[in-house]
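Worksheet for the structure shown next.
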Amino acid sequence: MLGKLIKHEFKAVSKVLGILHIALLITTIMGIFAINISKHSGFIFFNELTFILYIFILIAISIAVMIYIVIRFYQNIFTDEGYLTNTLPVKPYEHIIAKLYVSFVWVIINAICTLISFFFLMLSQSSISEIKIALWNYKSDLLDLMGNHTQLVIFLMILGVFISVIYMLIMSYAAIAIGQTMRNHKVLFSLGAYVVLYVLSQIVSTIIRLPFGFISLLETNTINWNTFFVPIILLSYLLSTALIILYFFITNYIMSKKLNLD
Amino acid sequence: MSNILECSSLVKKYGTKTALSEIDLIIEPGHITGLLGPNGSGKSTLIKLINGLLVPDSGVIRINGMTPDVDTKKIVSYLPERTYLDNSLKVKDIISFFEDFYDNFNKEKAYDMLNHLKINANDSLRKMSKGTKEKVQLILVMSRDAKLYCLDEPIAGVDPAARDYILNTIISNYNENASIIISTHLISDIENILDEILFINQGKITLKSTVDEIRFQEGKSVDALFREVFKC
Amino acid sequence: MTWNLNSDRPIYSQLIDKLKIDIIAGVYKAGDKIPSVRELASDASVNPNTMQKALAELERDGLVYSQRTSGRFITEDQEMIKHVKNQLAIEQITEFFEKMKQLGYKREETMQLIECALRGKENE
């Protein structure tokens, strides 16, 4: 059943999200075009202003992706469509997982496409060799910082990205679900719930990290990856995961017991 | 064979308002029951409880002996009052959707009914009139081989000719192992196809009888009795 | 076939009446097989349970009999059919006389009116 949910979820969202990414592609192409014309004709099509515009569009598209995903969750489960969704022979947690998975995939796609777009834009601005030199400089600095833990650090970074995306998504879902339990002004309450959840989790994570941070510092003479950074990073991942599980439970509980379609 | 629907001392409240109070009800297989009552009487609350869209505050509700959950959703086919279909889809998309999620969905029957009502499966739902969309929903619901069909206002937004088709579809779908609950205001149109009648008012069942019993005892149609009982 | 069911009498007795009339009028002849419950119910736009009840009563009266695998058939008994026909006729007549009584006519006056009406029809 989960597989079918995922399949249909992809079908349902890919049209709009696909279009957004085509817009991204077009913007990139136009950007590259503008740079090339600027280079060859001397007429500055591409300057700081258009660059800002380009960045703005990229950010706008990423935000649009997020907004669409969140609205989709709300619409499909808590409005008229909910009469179909919630009467399917499927457990609520399966719905949540399916939507989480599909949204996650698309957010990652969006991130990768955005990076690629940026890379290609840089490529047309400078040459490959220039970029290589710039990256090489960064790489040396980074390697110094990372020591011989390069693989570990890269793994942790990617894991971090995955966890934060899932975290952001499930927190939005939970906020929507919480807002739905109210009789009136549901959207307002959802936004409020989001803010509250965000603030609460910030507070909780700071409170928990502080003592651990101190303890780690006190116990070692040197600050290096093994003694300080990795434990702290792992701790915050653990915390995020715990919160992810909490938000999942909240969303599942509301969908199972507190559903109230109009 | 167990009863299709059993409610005992069923209670549902919204905050301080009691929508259903101590509902006791049994529906056996092979019946077409009319759930009749004014707006706000608790009809939709009861139907939502049957479909697992609401959870009771107290009391018991069982579908075929089971508490509303995934397994009951497999055997209950629900037609809500509103359109619940994704407008961006085509009719054939929604048919394959139903096929995927419901084992007891009969695709041939659905296409047969679509043909009868001259609805093109390739059409997008967005382009259809409200009445046509409602027909599509009804076809989807009746194409499932379920044990309990919950129809909420199945003929309200539909033209008289299609109404006859729909009523006939309901009659011909009749099978002794399944039951149908129809919640409606248009009593005179469907009175003849009902066997059992439930009057519900302010969260309580005020009358449980059959159409013929009412006509025999009161000398008037159920529709006339309803108007009398629920006079504003 | 229009069933013309009105809304203040029990449905199943109206179904019985209609079926009886059909049998008497020869729509269903003696020995004919009648359609299934479901077909009849669909035709009349009524609940199959109600139609079943009507047919069961016709069976009890002997107008109809069922053979387990082949379905339901009209009785071959012509006498029985004639009997039912007469019964319905008498019901109509009794009702007519009741109505005339309500209008204030005595029995003899009613008979005279009938003869007048018949003669009037002959002269047309």
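The backbone N, Cα and C atoms fix where each Cβ goes, and this holds for glycine too.
As written in TrEMBL, here are the features:
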TRANSMEM  A:12-37  transmembrane segment
TRANSMEM  A:49-71  transmembrane segment
TRANSMEM  A:100-123  transmembrane segment
TRANSMEM  A:152-176  transmembrane segment
TRANSMEM  A:188-208  transmembrane segment
TRANSMEM  A:228-250  transmembrane segment
So, does the transmembrane segment (A:188-208) come close enough to the transmembrane segment (A:100-123) to give 3+ Cβ pairs below 8 Å, pairs being at least 6 apart in sequence?
-> no
Would you call the transmembrane segment (A:152-176) and the transmembrane segment (A:228-250) in contact, using three or more Cβ pairs under 8 Å, pairs 6 or more apart in sequence?
-> yes
Cβ contacts under 8 Å made by the transmembrane segment (A:49-71) with residues that lie 6+ beyond its boundaries | 13, 16-17, 20-21, 23-24, 27, 31, 34, 103, 106-107, 110-111, 114, 117-118, 121, 168-169, 172-173, 176
Remote residues contacting the transmembrane segment (A:188-208) - C-beta distance under 8 A, at least 6 residues beyond either end = 74, 171-172, 174-176, 178-182, 235-236, 239-240, 243, 247
